[in-house]
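Novice: I'd like to ask some things about the structure below.
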Amino acid sequence: MRLFYLSGWARARWRRRWRGSGAVCARDCKRSPTPEDHARSPHAPRRTTARTMLNMKLKERLALALSAFLVLFTLMLVVDLQMDYGISGHRVPLHGRVRIGDTEDKGRSAYMEFRKRFLQKSNGSNGSREYEQSAPSETSGIGTETESRTPAPPADRYEDLQKILFAQIQGKAEDHTVIIPPHRDLNVLRPDNPTIGEMEDLEPSVNASNLEKFQLKISQHELYENGEPLVDAVLKDMVYSPILHVEQKEGGTQLKLIIDYPNGVQALFKPMRFARDVQTLPNHFYFSDYERHNAEIAAFHLDRILGFRRAMPVVGRVLNMTTEIYDVTEGDILKTFFVSPANNFCFHGKCSYYCDTGHAICGNPDMLEGSFAAFLPSSDIAERKVWRHPWRRSYHKRRKATWELQADYCDTVRTTPPYDSGRRLLDLMDMSMFDFLTGNMDRHHYETFKMFGNETFTLHLDQGRAFGKANHDELSILAPLLQCCLVRHTTLAQLIKYHNGTPLSKLLRDSLKSDPVNPVLWEPHLAALDRRIVTILDAIRKCVDKAETPLQNEINDFV
Ligand SMILES: Nc1ncnc2c1ncn2[C@@H]1O[C@H](COP(=O)(O)OP(=O)(O)OP(=O)(O)O)[C@@H](O)[C@H]1O
Ligand SMILES: [Mn+2]
């Protein structure tokens with residue numbers, strides 16, 4: 001209504017315009033029309049048509065009328081289909097969800113839509129919004145039976161998956177092909193679980209640092225035990241110990257510093273570049289994304305909450321760039337320090353990405369926040385093996401990786417050592433879920449400790465590119481899980497526990513409160529965790545359904 005209301009001022013302007021144009025016409029229309037005017041006149045063609053009609057025979061006139069009627073009727077049908085007036089008897093719900101590029105599924109989705117509406121009606125509820133919201137768009141491809149038979153539940157508690165977990169605890173469903181029960185999982189069985197200290201016959205010296213003690217306690221199946229008090233001790237040392245020396249770490253793509261503390265303690269430092277709410281640039285590929293120090297901190301906490309314990313302890317700390325970096329370093333890096341136009345102290349170091357004046361790391365004015373990751377044991381004590389990740393991305397802006405092109409890629413991986421037996425493939429499934437939760441697309445390699453052979457855990461190293469897009473869930477990170485349809489009983493149990501109980505976002509938020517640079521994560525990143533858990537659980541459910549009724553679900557492939 002407001003649109004049609006004209007103020008006094010506007011009305012006056014409006015009238016003036018009309019009067020103005022009328023005046024123009026009155027002036028112009030006085031002169032005799034030229035042939036050009038004739039052609040322009042709206043009456044000219046109408047007059048010609050009438051004359052032609054008169055000259056026609058009756059038969060021709062009838063044929064013309066019939067054609068006109070047919071054209072009109074066709075037009076009506078088209079309008080009917082679009083607007084659902086019901087003339088054609090073909091009803092398409094006006095607000096029905098339309099899926100683009102889903103030609104095969106047309107019949108089925110129409111059926112699903114009907115069933116959904118029918119069930120809601122008969123249930124007398126208005127739960128359609130909740131239903132739509134509880135169905136994650138990424139995995140709600142072709143509806144499963146579970147989706148259709150549920151009359152808009154307020155929240156899906158994944159009771160079907162819980163049933164399998166319960167059966168496995170009671171010693172049933174032991175040969176499940178998707179959910180691997182504890183008694184078939186070497187991470188649970190742990191027939192042997194020696195520590196690095198035991199393997200190397202090393203004991204911490206009398207005045208050993210907390211980190212040295214921690215390193216010697218790293219075992220075949222995890223970095224540290226659940227509740228290990230040394231974790232907190234190591235974190236505290238990295239925050240409160242004086243920094244004796246700093247040098248740039250060789251290798252790697254982006255700037256990192258090695259921090260030396262007293263007593264031989266070392267940490268890997270990644271500097272803060274942006275505020276917490278700065279997201280990955282939309283036109284940046286994962287491989288040209290900047291590293292985020294807070295992602296390293298949050299990922300350590302998340303890895304611990306999920307019970308993996310495969311990430312080294314990481315903590316945040318604010319440094320004085322003058323006394324804690326510039327004064328205690330030497331070499332080429334010194335030449336890269338400068339004072340910015342905003343009077344902040346900056347440096348850029350030397351590395352293959354973003355190590356130039358345009359991408360400098362700047363303090364405020366000389367206080368710089370960063371992440372400090374406890375150092376892994378040196379290669380003299382525990383050498384590491386670097387593995388190419390089978391689901392590595394192409395790291396090329398146009399090329400695709402093999403796993404993106406082959407739907408049965410997992411069959412190849414499953415039959416190739418070390419993925420054909422033991423815990424390794426299950427570890428990659430965990431890593432895929434961990435990375436999906438954090439949005440980390442940068443898992444090109446992974447590392448293990450050589451001394452433990454193949455039956456050892458995979459380290460969760462380098463989470464610098466995680467937590468970059470809070471509102472985007474990158475389903476391709478789940479490709480290992482989606483293509484192999486394999487998950488540890490223990491991992492699934494954890495995910496269901498967080499989904500049905502205290503949300504993962506809350507647990508992580510609470511855990512991060514102990515960090516000196518808290519708040520570590522932007523809230524939307526925390527919210528994303530709860531949303532992504534649902535996607536993972538949906539994916540596992542689809543795998544289970546597919547395993548139980550393979551033919552019916554053949555078309556339900558995700559990737
Ligand atoms: N906590 C640690 N202690 C000791 N060394 C580490 C630690 N974390 C990582 N490293 C080593 O440093 C290397 C580089 O670290 P990281 O992967 O985090 O940096 P990066 O610049 O992201 O590397 P890239 O660009 O190759 O991914 C790793 O491959 C690993 O071998
Ligand atoms: Mn990296």
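Heads up, the Cβ atoms here are built off N, Cα and C, so glycines get one too.
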Novice: Among Glu225, Glu228, Glu404, Glu447, which is the one TrEMBL gives for the ATP site where Gln254, Lys270, Glu291, Ala373, Ala374, Phe375, Leu376, Asp462 also bind?
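Specialist: So, going by the record in TrEMBL, that would be Glu447.
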Novice: Near Glu291 (ATP binding site), which residues of its own chain have a C-beta under 8 A away, given they sit six or more steps off in sequence?
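Specialist: Spatial neighbours, sequence-distant, of Glu291 (ATP binding site): Gln254, Lys270, Arg273, Gly464, Arg465.
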Novice: Using a Cβ cut-off of under 6 Å to any atom of ligand 2, determine which of the recorded positions Gln254, Ala374, Leu376, Asp442, Asp462 qualify.
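Specialist: Cβ < 6 Å from ligand 2, in sequence order: Asp442, Asp462.
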Novice: Can you count the other CB atoms that lie within 10 A of the CB of Ala374 (ATP binding site)?
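Specialist: Taking all protein chains shown, Ala374 (ATP binding site) has 25 Cβ neighbours within 10 Å.
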Novice: Just name the most isolated of the recorded positions Asp442, Asp462, going by other Cβ atoms within 10 Å of its Cβ.
Specialist: Asp442
Novice: Long-range same-chain neighbours of Leu376 (ATP binding site), Cβ under 8 Å, sequence gap at least 6?
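Specialist: Sequence-distant Cβ neighbours: Gln215, Met312, Ala382, Arg384, Leu459.
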